[in-house]
Amino acid sequence: MSDTSEDRISIRTRLPAFLRRADPAVLTAFGCILLLLFLSSLYSSNFLSLGYLLQQLKVASFLGVVAAGVMVVILLGHIDLSIPWVMTTGAMMACAAASFGGIGPVIAIPFGILCGAAFGLLNGFGVAYLRIPSMIVTLASNVVAQGLMVVYTGGFSPQDSAPPAVRWLATGFVIPGLPNAILVWIAISAMMVFLFTRTSFGRAVYGIGNSERAAYLSGIDTRRVVMIAFAISGALSAFGGVLLAGYSSKAAQAMGDAYLLPAIAAVVLGGTSILGGRGSYLGTVAGVILITLLQSILSVMQMPEAGRQIVYGVVIILMLLLYGRTPPNR
Amino acid sequence: MSEWRYWLNEQRGTLMGLAIFLLMFAVYIANHPAGLTANVAQTAANKGVLFAFVAMAQTLVVITAGIDLSVGMIFILTNCLASWIVVGEPLPTALGVLAVLAVGMICGAINGLLVIYGRLQPIVATIATGAVYFGLALLLRPFPGGSVNEDLADALTGRLFGVIPSSLVALAAAVLLVWLPFRRSRLGRAAYAAGSSEQAAFMSGVPIRRGKFAAYTLAGLLAAMGGLFLTFFTYTGEAAYASGSGYTLWSIAAVVLGGVSLYGGRGSAVGAIFGAFAARTTGDMLFVFDVDPLWQPLLQGVVLMIAVSIGSIALLRVRNRLDWFQ
């Protein structure tokens, strides 16, 4: 036994520095991306073209923005199940605000994000101050958000087509050839990396994920951190919804339903422990790209919806079995 | 503490669930134009048992400190399967019912294998298996359709002696044949012990793995019973994603309303049944109060929000701030 572990250590020390520091889960995720690209290129060489890859990154950026928020919550050891309808709320409210006279188009996007942040604050208050299990309170606020949107779309004549500003943000170009959505994702990612590695908030999130009791005893206002984390998750979910509305040029009911599983799966496949306290943002980026590629390849192969669901679930389970297992702690 | 007070303390959650349900049902009946007739009771029971079966399934897993987010999809899958094979003469129908129940158990067992022996986190693993089960349901029923043995369906959704809703009898049978034997068996105690403290249970030699595996497998079985009943009510199979995820979400709500602790080790399936009936009554209540159907999801959400916030009253009893972080 000791021989093999020594071998492993010596192999590790012989690797280049950047590989030595990297999380094995993140490396595995990137390895899976390369494998997926290789396998799909056997099917058709179009999968390796620059246009296809950029298109994938653009689609991935919606999921990426949502997953960034989910990751903050998962690092705390909590979960946010309110993503589907908070996304829809963000998208619908942004579209609604845009039709608000002269100032509308300016406040559309911030307003959508604020609505998401409000739901996040509600979740965070329930989890942090009322100590309701996060799964329950986010579930309930998901139903509340759904109810509000049903009333909104049914009771008033809704403005559901995305305003030009939102469309531009999702599909326009600032740099020729590079869709804005990717730039947005890069900007959000830079902020998240800064948040996790350079701020006391980020350290507190990891600390609470490992042991909330210990974090509290070391003087962190754990309740405030948890509440802010949920607010960030809500705001980013809503922002993802806004981008998605810009991409599909309208906000629709249940548009966020297809994002809950992928967002959580992306974070977990990226090596973040669902028990909290462990994970790197780079892994989440890898997870998002991995899942988007998988979905895209399955749809290009024209697999029917049923087959897609099955393959998708099986692949996620296999990848989790490959490197997402919890350690045997006895 | 004397024996009965110990028992009362253990059953507090279940009694709370019963109280919530009775209160809501009383308000519902008092405002129902027809009052409490056999017909009203039958309709209420038939809608409630679907929720109740799924909530019971969820309870078994939650007791082990896990969560089953695929339970609604097992329900939908077995509904689609039943619309194919629970047809024809009595013998093929009986075999079909057995096959449907077996498929549910297999789905539950797969979840159990992944969580216990594959060491995956229940949340993620069951979301993924849920996608697979829904995919299989879509394969079986790309479009809604199919049929079911109508004699059996009518017998199980009708009334016994003209008064008692037979779906309630079936639910009681499931409690007597599945839940109580499990609760009293060594494996059931192991499931509770694992949910309460896995480490301590392991150290004292409790068969936690087998106990948890039994809980997941029986959860699949109960979800399949729910799926069968859905087929009996609708006479069709339909692979509706929204319906599956809706049942999953409300099963968790019912479990909470029924006093089952999401941290495991506490609560009973009977409480979850009352929780499920209470959750179901919320929807019915809006109809008797003539609320615009448009507002129904919002009001249900608000009721759910208030219900889950009630548990936080316990915080007032906390003396030491560290007790927050249990």
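Including glycine, each Cβ sits where the backbone N, Cα and C put it.
Taken verbatim from TrEMBL:
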TRANSMEM  A:25-45  transmembrane segment
TRANSMEM  A:57-79  transmembrane segment
TRANSMEM  A:91-122  transmembrane segment
TRANSMEM  A:134-153  transmembrane segment
TRANSMEM  A:173-196  transmembrane segment
TRANSMEM  A:225-247  transmembrane segment
TRANSMEM  A:259-276  transmembrane segment
TRANSMEM  A:281-300  transmembrane segment
TRANSMEM  A:306-324  transmembrane segment
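Sequence-remote contacts of a segment are chain residues at least 6 beyond its ends whose Cβ falls under 8 Å from one of its Cβ atoms, and for the transmembrane segment (A:259-276) they are 23-26, 28-29, 62-63, 66-67, 70-71, 74-79, 81, 83-84, 87, 208-210, 240, 282-288, 290-291, 295, 316, 319-320, 323-324, 326. Using a Cβ-Cβ cut-off under 8 Å and counting only residues 6 or more beyond its ends in the same chain, the transmembrane segment (A:306-324) has close neighbours at 24-25, 28, 32, 265, 268-269, 271, 290, 294-295, 298-299. No contact links the transmembrane segment (A:225-247) to the transmembrane segment (A:25-45), because fewer than 3 Cβ pairs that are 6 or more residues apart lie under 8 A. By the Cβ criterion (distance under 8 Å, sequence gap of 6 or more), the transmembrane segment (A:25-45) is counted as touching the transmembrane segment (A:281-300), at least 3 such pairs being found. Note: the stretches the transmembrane segment (A:173-196) and the transmembrane segment (A:281-300) are in contact (3+ CB pairs below 8 A, sequence gap of 6 or more). Residues of the same chain lying 6 or more positions beyond the ends of the transmembrane segment (A:281-300) and with a Cβ under 8 Å from any Cβ of it are 23, 25-26, 29-30, 32-33, 36-37, 40, 43-44, 47, 56-57, 59-60, 63-64, 67-68, 71, 189, 192-193, 196, 262, 265-272, 307-308, 311-312, 315, 319.
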